Structure formats: C-alpha cells, structure tokens
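A short worksheet on the structure shown next.
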Amino acid sequence: MSNVPHELLYTKEHEWVRIDGNSAVVGITEHAQRELGDVVFVELPDVGKSFEVGEPFGTVESVKAVSEIYAPLSGEITEINNEVVDSPELVNEDPYGEGWLAKFSFTTAPSGLLSAAEYERYINDEANK
Amino acid sequence: MKQTPLNARHRALGARMVEFGGWDMPVQYAGIIAEHKATREGAGLFDISHMARFWVTGPDSERFIQLIDTFDISKTAIGQSDYGIMCYEDGGIVDDIFTYHLGPDEWMVVANAGNAEKDWAWLNQHTAGYDVVLTDRSQELAMIALQGPKAESLLAPLTDADVVNLAFHGITKATVEGAAGYISRTGYTGEDGFELFLPAGEIERIWDRLLEVGATPIGLGARDSLRFEPGLALYGHEIERDINPYEAKLGWVVKLDKGPFIGSEALHDIKANGPVRTLVGLEMTGRGIARQGYPVVALDGSELGVVTTGMPSPSLGKNLAYALVKAGSLKIGAEVDVLIREKPVRATVVKTPFYKARYKK
C-alpha cells in the first residue's frame with residue numbers, strides 16, 4: 001500500500017502538490033519513487049523559469065529509466081531543491097519531505113488536481129489493469 | 001504475456017514485474033543497486049527461464065552448429081561450452097548464443113528470450129542436408145543462474161556434482177536437491193557462477209532452497225548493470241541485425257579459418273576492409289546519464305555515432321556508456337559530447353571493459 005498523505009493534491013503523472021497561498025511545492029509520490037527504483041539523477045530548471053501546466057520541467061532518473069516530471073500547474077519556479085540534486089536518493093527516502101523538487105508561484109489557481117482519495121483510487125485502478 | 005515457472009515466486013517476493021521479450025519478468029526486488037552489489041559481493045539468484053534452450057542432436061550436429069555459428073566449436077570438448085554468434089549472410093547478427101557440448105552428437109544452444117522464435121525458425125531453415133534433430137526444451141527445463149563470489153560455496157552442498165572443480169564454461173549432469181539436470185560454470189555478470197538447467201516442475205523448490213541458504217534474488221535491472229560493467233554485449237544494444245561482430249568488438253568470436261559458415265564471406269570482406277563503426281567506452285564528465293539512442297558528437301558538433309547502453313555504474317560510481325561510433329574517430333582520452341535531451345554533455349573516451357571480470361579459471 002502506498003503512502004498518500006491526505007493534505008496534498010496529486011496528478012495522474014504521480015506528482016504531489018502542497019499549496020500554500022500563491023505558491024506550491026511539488027515532488028513525486030511515494031508510489032512514483034517505488035515504481036522508478038533507486039533515483040540516481042535529478043535535473044531541475046533554473047529559478048525564474050515559467051512553465052505551463054503539463055509541460056515537462058525536470059527529469060528524475062533511476063539506474064534503468066528516465067522519467068520526466070510535468071508541471072502540475074502553470075507558474076514560475078521560485079525555488080529548487082539543491083539538496084536533491086546533490087543527493088538524489090532523498091527522492092526515495094523521503095518523497096514528501098526532504099525529497100521535494102521545486103516551488104512554483106502562480107497567479108491563476110491550479111485546477112484539475114486530484115484529491116488524495118482520487119489519486120489512491122487512480123493508482124489502484126492502474127495496478128489492477 | 002508468457003510466464004516462467006517462477007512467476008508466482010517473483011510476485012510473492014514483491015518484485016516489480018515488467019514485460020521483457022514477451023515475458024512477464026521481475027525487473028527488481030529490493031532495488032537495482034542493492035541487487036547489483038549483492039551479486040558482486042555474495043551470490044545473486046536469477047530466473048532466466050525466459051531464455052531459449054534448443055537441443056541439437058544427430059550425427060551432423062557438430063557440422064550443423066559449425067554452419068550457423070561464427071565460432072569454431074570443433075575444439076569444444078564434451079562437458080565444455082563456448083560463446084558464439086549466429087550471423088546473417090551479410091554479417092549482421094541474428095543472435096548471440098552459448099553452445100554446450102553435452103554428449104556425443106548432443107548439443108544445447110542457449111539463445112535470447114526476445115529472439116527465441118526468430119532463432120528457432122533460423123535454425124530450422126538451415127537443416128537441409130544435415131542429419132540433425134532440433135528440439136525446443138525451453139518449457140520443460142527451467143533455467144536459473146547463481147552468480148557471485150559465494151555462488152560455489154552455496155551450491156556445492158546442494159548437489160552431487162563436483163562444482164568446485166567444474167571448469168570455466170564447463171557443463172555437467174547434476175542432481176540438485178533431488179532434481180536431475182545440468183549445471184554449467186557460465187553466466188552473464190562478470191563474476192564466477194553457475195547456470196542450472198532443471199525440470200520446470202521442481203524449480204520453485206530449488207529456488208526457495210537457494211534463497212534459504214543465502215542467495216539474493218536479482219531482477220533484470222541488475223542483470224543489465226552487471227553485464228554492462230564487464231562489457232558483455234546485449235542483443236538490441238551492442239549487437240543487432242545491422243551491426244556485425246567486428247563493429248561490436250566480437251571479432252574474436254569469428255573464426256574465418258574454420259571453413260565456410262553462414263556470413264563467412266561477408267565477414268571476411270568486413271575484416272579485410274576494417275569495420276565502418278566501432279564500439280567505445282565513454283565516461284560522462286559533465287552532469288548527465290547517457291542512454292541508448294542518444295547521439296554522440298565531436299566538440300564541433302559533427303556526428304560520430306550513438307550510445308548503445310548507458311547507465312550509472314553501481315560498482316564504479318560513474319556514469320558510463322558504450323557507444324557505436326565511426327571507426328578510427330576516437331582514441332582513449334578523446335573528448336566528445338553526448339546529446340542528452342538535445343543538450344551537449346561532455347564525456348571522455350575510456351578503456352573497456354569498465355570492470356574486470358572475476359571468473360574462476
């Protein structure tokens with residue numbers, strides 16, 4: 001069973017979003033890091049870059065796989081987690097905490113994100129396919 | 001999707017399953033890095049029942065294998081095996097194989113899972129004029145590998161075969177925990193180790209026993225990183241329909257002096273003219289991981305070739321890659337760029353193999 005904190009929002013691309021006022025912290029879910037395996041490389045954009053919802057903004061790589069991370073909302077990068085760039089294993093060890101990836105600021109409130117219950121249902125459906 | 005006789009075991013062990021060559025296979029259990037290290041330091045247990053096991057028997061079996069294999073198996077004694085390649089007439093590669101000499105006029109050919117059907121058709125297509133019988137025993141016999149410095153000491157108490165004195169690439173009839181089959185001192189990890197060919201119906205019991213005595217289950221992810229470091233080729237990467245053995249640095253497997261075989265004329269010309277491309281090792285010095293298909297370019301941006309396999313090497317702690325590049329274009333120490341998502345990332349040409357195999361010879 002995956003750990004899906006109820007206070008976060010999610011995407012079908014397995015990112016989590018923690019919204020606080022006009023900013024949002026983004027990472028990948030516990031389910032995503034498990035599917036990926038040992039994370040060995042994280043590439044994040046420069047602070048100040050803007051992304052549209054659904055646009056790839058970074059890359060997380062395991063020994064075997066390359067996985068793009070998609071912007072869960074439209075906004076500008078205000079901070080990136082340099083710790084995770086130096087120690088990619090943080091994504092595996094603490095995906096919802098020290099393994100966070102980037103902080104976005106937004107002007108239009110994000111829409112279409114999944115609640116924890118919806119995301120949990122989504123990954124269960126995927127597993128049973 | 002096809003399942004090996006150990007499918008339920010993989011699921012019970014919590015493996016992450018993936019499709020590979022039409023098979024439902026474990027890509028990892030505990031994690032690729034942990035599994036990789038467990039094999040280099042202890043003993044890794046692999047389900048490789050998805051691979052093909054073809055028997056070649058009959059009075060012309062040796063002559064037939066000489067026809068389809070680039071290697072010279074006339075010196076492969078009973079109880080020995082050798083690496084070989086099946087080529088097309090133009091020198092491109094059908095598959096790489098292992099040929100095991102089991103007895104008088106009895107050979108086993110082990111081939112890649114993803115090529116099994118193609119190989120079976122290829123073999124059957126060339127039997128005209130040869131008194132041989134081909135039998136596909138892939139289903140009835142399971143195949144597992146036990147690899148690593150502790151493989152010998154774990155296996156020895158469980159079998160009647162003298163595995164301690166089994167030669168490198170040797171094969172012997174063996175009973176393992178009461179199940180009768182074969183054990184060979186072969187593998188695909190760059191470590192000492194064994195491959196076991198045992199009845200499918202009994203393999204779960206033997207798998208469980210090997211885990212009980214201390215082997216670690218290893219998925220296809222670490223199987224790939226373990227073969228990559230010592231430079232063992234993988235079909236679909238370093239070798240392919242349109243790559244010939246000389247390009248893949250497998251010229252030593254092509255024995256042109258043994259007499260004609262399928263592809264020998266083309267291979268003779270390729271050798272005489274020198275291959276157009278060659279395989280080189282790359283170490284990433286810039287930040288990034290080279291992956292299969294990424295272009296390799298000179299510092300002025302001109303095309304040199306393409307990455308065949310690339311990954312972070314768990315044993316060496318570096319981002320390494322093999323690339324197929326224009327022959328003669330790169331010397332050890334040369335700098336190139338690998339285009340990673342269109343961005344040039346610097347790499348240095350380094351000596352291969354990256355990891356020196358530790359076989360018991």
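Note that Cβ sites are derived from N, Cα and C of the backbone, with glycine treated the same way.
Per Swiss-Prot, domain 'Lipoyl-binding' is recorded for A:23-105, and the stated evidence type is sequence analysis. Residues or ranges marked as N6-lipoyllysine in Swiss-Prot (evidence: sequence analysis): A:LYS64.
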Point to revise | Integer average pLDDT (0 to 100) for the domain 'Lipoyl-binding' (A:23-105) | key: 96
Review point. Tally of helix, strand and coil residues over the domain 'Lipoyl-binding' (A:23-105) according to DSSP?
Key: 16 helix, 35 strand, 32 coil
Review point. Once the chains shown are all counted, how many other Cβ atoms turn up within 10 Å of the Cβ of A:LYS64 (N6-lipoyllysine)?
Key: 22
